[in-house]
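**Q** The following feature annotations were taken from Swiss-Prot:
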- GLU171, ARG217, HIS448, ARG489: L-aspartate binding site (BINDING)
- ARG217, ASP218, GLU219, GLN226, GLU482, GLY534, LEU535, ASP536, ARG537: ATP binding site (BINDING)
- 195-198: region 'Aspartate' (REGION)
Amino acid sequence: MRTNYCGQLNLSHVGQEVTLCGWVHRRRDLGGLIFIDLRDREGVVQVFFDPDHQDAFRQASELRNEFCVQVTGTVRARPESQRNSEMPTGEIEVFGHGLTLINRAEPLPLDFNQTNSEENRLKYRYLDLRRPEMAARLKTRAKITAFVRRFMDNHGFLDIETPMLTKATPEGARDYLVPSRVHKGKFYALPQSPQLFKQLLMMSGFDRYYQIVKCFRDEDLRADRQPEFTQIDVETSFMSAGQVREIMEALARALWMEIKGVDLGDFPVMTFAEAMRRFGSDKPDLRNPLELVDVADLVKSVDFKVFSGPANDARGRVIALRVPGGATLTRKNIDEYGQFVGIYGAKGLAWMKVNDRAAGMDGVQSPIAKFLNAEVLEGILARSGAQSGDIIFFGADSAKVATDAMGALRLKVGRDLQLTDESRWAPLWVVDFPMFEEDGEGGLAAMHHPFTSPRDISPEALKANPVGAIANAYDMVMNGYEVGGGSVRIHSGAMQSAVFDILGINEQEQREKFGFLLDALKFGTPPHAGLAFGLDRLVMLLTGTENIRDVIAFPKTTAAACPLTDAPSRANPAALQELSIAVCAKQGSDA
């Protein structure tokens, strides 16, 4: 039906007859001539009709926005005075002499020239995707996946599919369960990741695997999460953590060059401990120049319990955050920041304006200055690197609360005061994560997942001191986003059982849930390691949007619902009966 895409026409096509298909983006009737902007997935081109071609002109007079049409015409160069430098096709136009109306469009429930509600955009997603900026994002996504496949193929990786219907295993989030009709009372789980299957593939001898795969997690509602998402999943055998990082870094660098024309350079490597100490985050945004500074040793003896309490507590932390030029902040600004850190559990936000660095006590303005002697004050100013015109914020609490609150404040202040250089890219690797973290119920949870190998420790030593163990894990971070995470995997049955024991998974439960893995580990398992990129987040970064739903064709809302199809929906009672499922209605529900 078409010979060319609208957005691909240029001066090289002048004189050629073309047939185009698409939608009327805009129509203008100038009396003697009718102009339309015709749009398809590749862009927009101007088409005009004159009265000499009566049938086409008559039909063009009836066109309205979003009518679907076919146009045949001749490509002409626009007069110099009428060229539009803001359009890729602005040097040419199409003189239309044939027009077929394929389908009319009713008045649209979306206004392409206005901001539409998120709910409406998702309900009429097929219309929302017609917008050029949305089409461009999905085209970039397709370009990214095609590039990744070429790269992985060129590096000897095999694209191998793994099951979608599998066994429920604890991987950190709730599973989506699928009932079995054949096996009454039993359920499959949709995979949270292909983790165990890709490890089994390593045991099968496929030493370089990858897959671009859907994953499912029934998580609590968050704006940046989707119940179904896509991973670029990678696993290797007989490679060290450094070798895996080298290949994955090469992929990221090649991808950024392909899509953005940007050379990311070598990625710095930072330990988890350093990232938390300096930036208050395990995914630090290095475009932001602000850093956290520990001052607990300076304030242990001050007559200010807010500082001295955490300073003398082994589980406490006292942090200073210097903000260059921040002395211009108003008291209202400071109070708003105090409310902000409260979100992270902080009980308040102490502050100090440095009006004259050389004047010592007389040069600062702060409600806490009266609690600090000249020596302590000078120590804080010197360690933080304070200059005249700066402000210093303080966080003092348990190490977790102080670190989380001041890390978040660092990001917010960096954005608010335009200190973060958003014109550049700042990648890095974060390594040496703790193996375990407290689960809030007196036990331990795996910081990554239960199949991550600890570094340089025996199963016996791990069980004796699990809190001190370091995981052989690594995350790729870009501009404050974790874009990929991976680790060296456990390839010893004894070590895997030790980790399960530490996590409170008893021997019977180990056999029930992971017996197939423990059995596989008995038969010459190779050392293996891998990584998974979040494709949706990669596309989000590379297309410059801040909403992950903008890079998914048919996403869910933050409530994990689909306004377009009205999913999830109630099941047919006959289907439920066949599956031996009874729905128990909660009191007050309409079930």
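Using N, Cα and C of the backbone, Cβ positions are placed for all residues, glycine too.
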**Q** With DSSP assignments reduced to helix, strand and coil, which class does GLU482 (ATP binding site) get?
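**A** Strand, per DSSP.
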**Q** Using a 10 Å cut-off, grab the number of neighbouring Cβ atoms around the Cβ of GLU219 (ATP binding site), all chains included.
**A** 14
**Q** What subset of the binding-site residues GLU482, LEU535, ARG537 lies within 10 angstroms of ARG217 (L-aspartate binding site), using C-alpha positions?
**A** none
**Q** Just name the winner among ARG217, HIS448, ARG489, ARG537 (the binding-site residues) by count of other CB atoms within 10 A of its CB.
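**A** Result of the Cβ crowding comparison: ARG489.
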**Q** Residues with Cβ closer than 8 Å to the Cβ of GLU482 (ATP binding site), same chain and 6+ apart in sequence?
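**A** For GLU482 (ATP binding site), the qualifying residues are ASP282, LYS283, ASP475, MET476, GLY534, ARG537.
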**Q** Averaged over the region 'Aspartate' (195-198), what pLDDT does the prediction give?
**A** 97
**Q** CB neighbours of LEU535 (ATP binding site) within 10 A?
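**A** Other Cβ atoms found within 10 Å: 23.
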**Q** What whole-number distance in angstrom separates the two most remote CA atoms of the ATP-binding residues ARG217, ASP218, GLU219, GLN226, GLU482, GLY534, LEU535, ASP536, ARG537?
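**A** Across ARG217, ASP218, GLU219, GLN226, GLU482, GLY534, LEU535, ASP536, ARG537, the widest Cα separation comes out at 20 Å.
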**Q** Just the number: how many Å between the Cα atoms of GLU219 (ATP binding site) and HIS448 (L-aspartate binding site)?
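**A** Between the Cα atoms of GLU219 (ATP binding site) and HIS448 (L-aspartate binding site), the distance comes to 16 Å.
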**Q** Taking the Cα atoms as reference points, how far is HIS448 (L-aspartate binding site) from LEU535 (ATP binding site) in Å?
**A** 19
**Q** Check ARG217 (L-aspartate binding site) against DSSP and tell me helix, strand or coil, would you?
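**A** For ARG217 (L-aspartate binding site) - judged by DSSP and reduced to three states - the answer is coil.
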